[in-house]
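Novice: Mind having a look at this structure? Questions to follow.
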Amino acid sequence: MTTSNGQYIAAIDQGTTSSRCIVFGADGRIVAVDQQEHSQIFPQPGWVEHDAEEIWTRVQSVVSGALAKAGLTRDDIRAIGITNQRETTVLWDKNTGKPVHNALVWQDTRTEELCKELGRNVGQDRFRRETGLPLASYFAGPKIRWLLDNVEGLRERAERGEILFGTMDTWVIWNLTGGVDGGKHVTDVTNASRTMLMNLHTLQWDESIAQSMDVPLSVLPEIRSSAEIYGEAVGELAGVPVASALGDQQAALFGQTCFDIGEAKSTYGTGTFLLLNTGEKIVNSYHGLLTTVGYRIGDQAPVYALEGSIAVTGSLVQWLRDQLGIISTAAEIETLASTVEDNGGAYIVPAFSGLFAPYWRSDARGVITGLTRYVTKGHLARAVLEATAWQTREVVDAMEKDSGVTLSALKVDGGMTSNNLLMQNIADVLDVPVERPYVAETTALGAAYAAGLAVGFWPDLDTLRANWHRAAEWTPRMDEATREREYKNWLKAVERTMGWIEEDQPSGH
Amino acid sequence: MAGSIQSLERAAAILRLLAGGERRLGLSDVANALGLAKGTAHGILRTLQQEGFVEQDPDSGKYQLGAELLRLGQSYLDVHELRARALVWADDLARASGETVYLGVLHQRGVLIVHHVFRPDDTRQVLEVGSMQPLHSTALGKVLTAFDPVARAELVESEREAFTAHTVTDLDVIDAEAAAIRERGWAAAVEETWAGVASIGALIQDRRRNPVGAVALNGPVERVCTTGPDGRIGPVRPDLVVSVREAARAISRDLGAPRF
């Protein structure tokens, strides 16, 4: 093994719309960033694909780009960490390295019917006890099955042992460590926990679930921890250890240094993902959350997490901008919302494609309610921001009920943290402080941290925690009576979304 | 309050008329709708046309709103847009300098704080977004006063309070310093508002090089200023000036300003 005195860690963030490489210094500060988008392929409504070969080309290119911008060479890089869009599924030929089909992206809904079938008489919670997940089209297992069923001759090739499966972490690591020439076929526990094929208790592939899904074990990668040396890179970074992999939301949890039980982070983007560290305990959710692996460092005990996702947050602001034209940039929502003191009695529940956590009602559709002649676009802008705050509150309430842990503060990141009014609103409705750290790139930072720990660049979690600094904090200002009244109104508004789509009605619009 | 100017009122009425309903109107339509003599309406329309606010269709001779109006509308920079663009750079400035960072814009004879990054020492700090700072005695205010004629006008009107023994309230002295600030591109205020506190600020410009705001770091004089051999507090540290100016340039660049 090459030993390097490199003073930097490179993180590869293979995301849904782009791939990035970010180089970090020892204090966690960003030294250089390079980013490239890749094509989104929409073969038919509801289907979303990526070209995995294009993604690998982009990844190589951003690695070179970031090194060039930083003026560094491979000798300066101590380790490489990987974080990735979760659940996106690719199958490839291990002898040629060629994907057998475009990757099926997590948003792709083509496996919805298959998931219903797999639920049989039990329903969507058939595999929840083992995997922590409901049967839903996001997860990788059913996507593998779809590919095996629909790409001609693939199942036979898979059974002959010629085909490998990977989520994007696996695909990047395999290529990075040599591809057809000795590439390591591995995944980490966090990515494996999103396949619906891994048993949360043993952290191994669950043979009986794989059998139920008709997925041959031979295609599956080896499950490793999130922070260990998987192998050495070849090519531009030849000799540099590839030393971490974490799904993007778990990486953000790690980057926000939520290492203690009860610490939670919320990433506010198009949608929002809240993860709560539940320690070594696997908490089953009875309130519509997912149970997932938070991270595992080397051979230490795994740390589990509860995850609540909110489908529509930033995208509601985009809807106001693009579909209604009430604002011309996303940031203007705050200007408009600031023209009024409150929501004027209006509430917007953006159940655009049903209600997600904690309700999971696909028959729901969005509503704007409480309208009177008094309501202005300023009130609606406020209702838009409040919708994100109340949805956060609902997920936090569900987490507290499931875990018995009371949140003492919420660490936030993502694009919407630049919205001051929203952040204040979240502090108000949660009645806990909301904290924003300096490094907005918590996802890439998490991958860098894990890789740095694996190679001894950083000695321990406390050192990482010492790198976390508060750049802003919003403290609750709303009085209890207002909070209770508004929450009650919000819940009433949510009620009005349900049952809109009837059984025999097409759910598309 | 002076009386309103009739021709401006009429010009505004014409613009409103063109903005609603038909959108393309002939000279007599405009004159009739507003009860003006044709000659008067024509004179106003011609002036508006020269300024680009109105365009005349060469075939029909009808009038419609001009492109200049659109340009005017777009040149307004939303302060929340400013914050969103500045976030990364302001964070970086605070982390690199170890001091508090503010972003401010001109607002009613003062500086409105639109963004605030805590000093990275994890002590209890209160978010000051939405608060006001004075124009005459802070680095943010001095930068805006030096580069923005509107800010200068507001300063003349404002009551310039002497917060400390170092506060400059005399307009001539302020103007002389403003000239120096324009020359060197940054401003400092040492104990002029708060005893023991120094600030360094630089200008943020949009893509037309309009002054849209300022970024500044604030900290104790012991850290922000140099100390002479006799232990006396000297001028602000040049390395911090460089950091503030770099941050201002980076934010301006993100707003589309040309490279300096």
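Even glycines carry a Cβ here, placed using N, Cα and C.
Heads up, TrEMBL stuff is auto-annotated, nobody curated it.
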Novice: What does TrEMBL list, out of A:Y138, A:Y286, A:Y295, A:Y304, as binding the same glycerol as A:R86, A:E87, A:D248, A:Q249?
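Specialist: So the glycerol site in TrEMBL includes A:R86, A:E87, A:D248, A:Q249 plus, from the candidates A:Y138, A:Y286, A:Y295, A:Y304, A:Y138.
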Novice: Select one of A:T16, A:T17, A:T329, A:T335: the residue that TrEMBL places in the sn-glycerol 3-phosphate site alongside A:R86, A:E87, A:Y138, A:D248.
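Specialist: Answer per TrEMBL: A:T16.
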Novice: Counting other Cβ atoms within 10 Å, pick out the least crowded of the binding-site residues A:T17, A:S18, A:Q249, A:Q318, A:N419.
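Specialist: Output over binding-site residues A:T17, A:S18, A:Q249, A:Q318, A:N419: least Cβ neighbours within 10 Å is A:T17.
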Novice: According to DSSP, does A:S18 (ATP binding site) fall in a helix, a strand, or coil?
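Specialist: Once the DSSP labels are grouped into three classes, A:S18 (ATP binding site) ends up as strand.
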Novice: Let's check the environment of A:Y138 (sn-glycerol 3-phosphate binding site): how many other CB atoms sit within 10 Å of its CB?
Specialist: 22
Novice: Using Cβ atoms and a cut-off of under 8 Å, determine which of the binding-site residues A:R20, A:E87, A:Y138 neighbour chain B, and list them by sequence position, or give 'none'.
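Specialist: Near chain B, no listed binding-site residues qualify.
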Novice: Hey, what's the widest CA-to-CA gap across A:T16, A:R20, A:T270, A:G314, A:G415, A:N419, the ADP contacts in the record, in Å?
Specialist: 24
Novice: In whole Å, could you give the widest CA to CA gap in the glycerol site formed by A:R86, A:E87, A:Y138, A:D248, A:Q249?
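Specialist: Taking every pair among A:R86, A:E87, A:Y138, A:D248, A:Q249, the longest Cα gap is 15 Å.
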Novice: Cα within 10 Å of A:R86 (sn-glycerol 3-phosphate binding site) is the criterion; apply it to the binding-site residues A:S18, A:Q249, A:G314, A:G415, A:N419 and give the hits in sequence order.
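Specialist: Hits: A:Q249.
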